[in-house]
Every structure is written in C-alpha cells, then in structure tokens.
C-alpha cells in the first residue's frame, strides 16, 4: 500500500512536469508562428523593394542579388527553425546594407513609392523585433525547463532538446538611421 502511494506521487509529479514542458513547448510554437507571420510579410515586401531600387542602385547589384537569393532560401518550407533563424539574420544584415546604400541616392529617397515601401518595411521590422523578444522569452523558459531539476529528467526521457534564440544582429544593436 505504501509502495502504491509512493508510485502514485512519482507518477503525479512526472505528469505535472511533463505537462509543464508541453505548455512551454506550445508557447514556443506560438511565438515562432508570430515570427513566421512577420517573416512572410517582410518577404512579400522584398520583391517590391528590389524592383523599386534596382534602377537607381547600379553599383549595388551584388547586394540586391544576395537579398533576392536569401528571400528564396527563406521561403523553403523544409528547413528547420535554426536554419531559418540563421538565414533571417543574414537577410537582416543585407537589408541593413541596402538601407545604408540608399542614402547616396537622393532621387530614390524622394520617390513616393519607395517612401511607402520603406514605411511598411519599418513597421514590419518593429513588429518582427517584438515577436523575436517574445520568441526568445519562450525559448528561455523552455530551455530552463529542460536544464533544471527535476524537469530535466522528464525532458531527457521525452527527448527534449534546447532551442536556439534569435541572435541580436548588428543592425539591431547599432541600427542605421533610416531617413529616406
């Protein structure tokens, strides 16, 4: 009878810890879904951006080509989250380079189409930044659950692995002034 009581306590604790990990994993999926929506919005804006600046930026063809290539890679549905995060960080960097390059072209900066596009891109970037913070908080909570005793035992038994956070890009720590 005592053994049954002890066993019941262990099973109860296991279930509670397991459900807590599931809750954290689902919160992470929700946060990633928000990021994915913002990525798709930004990805949809990139072809318009490239078309708008292409005629002006004769010397920036390499940057435009790289942005287009990264956009295509980011749209691959078969890549895992870590690969997607790395590609999105590269895309952030290239978009930052493009924004800096645009500073040298006053005609482009005055273009109504470009100004609207730039405002849309800035809005998406702000929303993406907020979604990344939410994602990183969810990753931190899940990783803590995976590492901390006693839930680390349950996590190991159930095959949970730590997730990567979104790294802060150079553009986020030292963003260029965007005045087009």
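Numbers run from 1 along the shown chain.
From the backbone N, Cα and C atoms, a Cβ is placed for every residue, glycine too.
Check TrEMBL against the ranges 6-22, 23-39 and you find transmembrane segment recorded for 6-22. Checking TrEMBL for coiled coil across the ranges 86-113, 114-141 points to 114-141.
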